[in-house]
Amino acid sequence: MSNQHTLLISNLLPVGSNISTWWNFGSMLLSCLFLQTTTGFFLAIHYTANINLAFSSVIHITRDVPYGWIMQNTHAISASAFFICIYIHIARGLYYGSYLNKGVWLTGVALLTTLMATAFFGYVLPWGQMSFWAATVITNLLTAIPYLGTSLTTWLWGGFSINDPTLTRFFALHFILPFLIISLSSIHIIMLHNEGSSNPLGTNSDIDKIPFHPYHSYKDLLMFITLMTMLLLTLSFMPNLFNDPENFSKANPLITPQHIKPEWYFLFAYGILRSIPNKLGGALALTMSIIILTTAPFTHTSYTRSMTFRPLAQTLFWTLIATFITITWAATKPIEPPFLLISQTTAILYFSFFIMNPVLGLVENMMMKYN
């Protein structure tokens with residue numbers, strides 16, 4: 001098509017013809033970002049960042065503001081959809097070797113970190129029981145940092161405990177960070193288009209490319225419609241599916257919930273954190289659970305980019321997925337046998353993937369050499 005008219009070359013974005021549905025989650029993430037920014041703006045108009053009024057203002061939004069319940073529930077459910085899409089997006093990157101495009105991968109990890117920070121600050125804003133206690137537990141981890149810890153925590157809290165200044169600055173951060181996410185997303189996309197997408201085979205796509213529109217744009221549209229359908233079904237029939245029952249009670253510093261846990265999308269990191277009995281060790285493991293993703297491009301040893309034709313690596317990858325799900329499940333349970341042992345085992349298995357993957361790459365190289 002492009003050969004027939006040279007002017008079309010500059011107008012069409014050439015994309016590999018064999019990229020599968022796993023490549024559509026990037027555009028779905030963009031849809032989620034747009035949805036979150038829009039609904040977040042309308043919620044911010046009616047929200048009050050004050051410890052005496054925050055909980056009431058959320059109730060006011062859902063009860064009194066026209067279509068406020070749609071805005072509030074869409075914002076909460078889209079956050080979960082955002083994380084489902086981003087975890088699938090990362091898993092695809094690990095499976096198909098997309099991390100070898102270093103700039104794209106590293107900006108992606110920066111995006112994930114910023115997104116997690118934004119979601120954490122957002123979870124505190126309704127000022128419910130679980131919001132308050134999750135914020136207390138997580139921010140308290142800063143005290144584990146030698147020398148600076150206590151000063152940093154006091155500075156973040158704006159006092160000697162989580163109070164009104166904390167909520168005000170968390171709201172300010174929750175409002176400003178999405179703009180950083182938008183900026184990082186732009187860099188992420190620019191860097192991707194600098195080299196181009198990989199494909200399921202892990203080969204160079206230059207020999208077989210088709211125009212992005214209409215072929216891949218309609219595929220993106222289909223996935224967007226699927227995403228919106230799932231969101232609307234959840235919104236209509238199960239609006240509180242991802243909410244914690246504790247968060248329907250106003251924050252009370254005098255009553256501790258029986259089991260403090262963050263939102264489901266942080267449970268894998270939280271599970272790793274509490275599987276280590278030492279405070280500093282747990283905080284380091286929590287940080288490393290995200291930062292370890294940055295090692296992937298530098299430890300790739302296999303001759304082939306993708307795991308499509310690497311059965312040993314595939315086994316390791318699906319073990320990682322099972323580990324991730326198990327860690328998430330175990331983190332919802334109290335810290336007692338057998339859940340503590342399950343958390344510790346899965347935490348070791350999670351980090352083992354990033355050590356074993358390069359080792360398996362070398363083993364597979366040797367097997368190919370001698371066959």
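In case you wondered, yes, glycine gets a Cβ from its N, Cα and C as well.
Annotation comment: Swiss-Prot describes HIS75, HIS174 as heme b b562 binding site. According to Swiss-Prot, the heme b b566 binding site annotation covers HIS89, HIS188. Annotation source Swiss-Prot lists ubiquinone binding site at HIS193. Annotation source Swiss-Prot lists transmembrane segment at 25-45, 69-90, 105-125, 170-190, 218-238, 280-300, 312-332, 339-358, citing similarity to another entry.
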Report, as numbers and ranges, which residues of the same chain sit near the transmembrane segment (105-125): CB under 8 Å and 6 or more residues beyond its ends.
47, 49, 54, 58, 79, 82-83, 86, 89-90, 93, 98-99, 131-132, 134-135, 138, 166-167, 170-171, 173-174, 177-178, 180-181, 184-185, 187-188, 191, 262-263, 265-266, 269, 290-291, 293-294, 296-297
Looking at the binding-site residues HIS89, HIS188, HIS193, whose Cα is closest in space to that of HIS75 (heme b b562 binding site)?
HIS89
Of the listed stretches 25-45, 69-90, 170-190, 339-358, which one has the most C-beta pairs under 8 A with the transmembrane segment (312-332)?
339-358
Calculate the distance in Å between the alpha carbons (Cα) of HIS89 (heme b b566 binding site) and HIS174 (heme b b562 binding site), and round it to a whole number.
23
Other CB atoms, at most 10 A from the CB of HIS75 (heme b b562 binding site):
19
Using Cβ-Cβ distances, find the residues under 8 Å from HIS188 (heme b b566 binding site) that belong to the same chain and are at least 6 apart in sequence, listing them in sequence order.
VAL104, THR107, GLY108, LEU111
Distance from the residue listed as 'ubiquinone binding site' back to HIS174 (heme b b562 binding site), taken between C-alpha atoms, in Å:
29
Between HIS89, HIS174, HIS193, which of the binding-site residues has its C-beta surrounded by the fewest other C-beta atoms within 10 Å?
HIS193
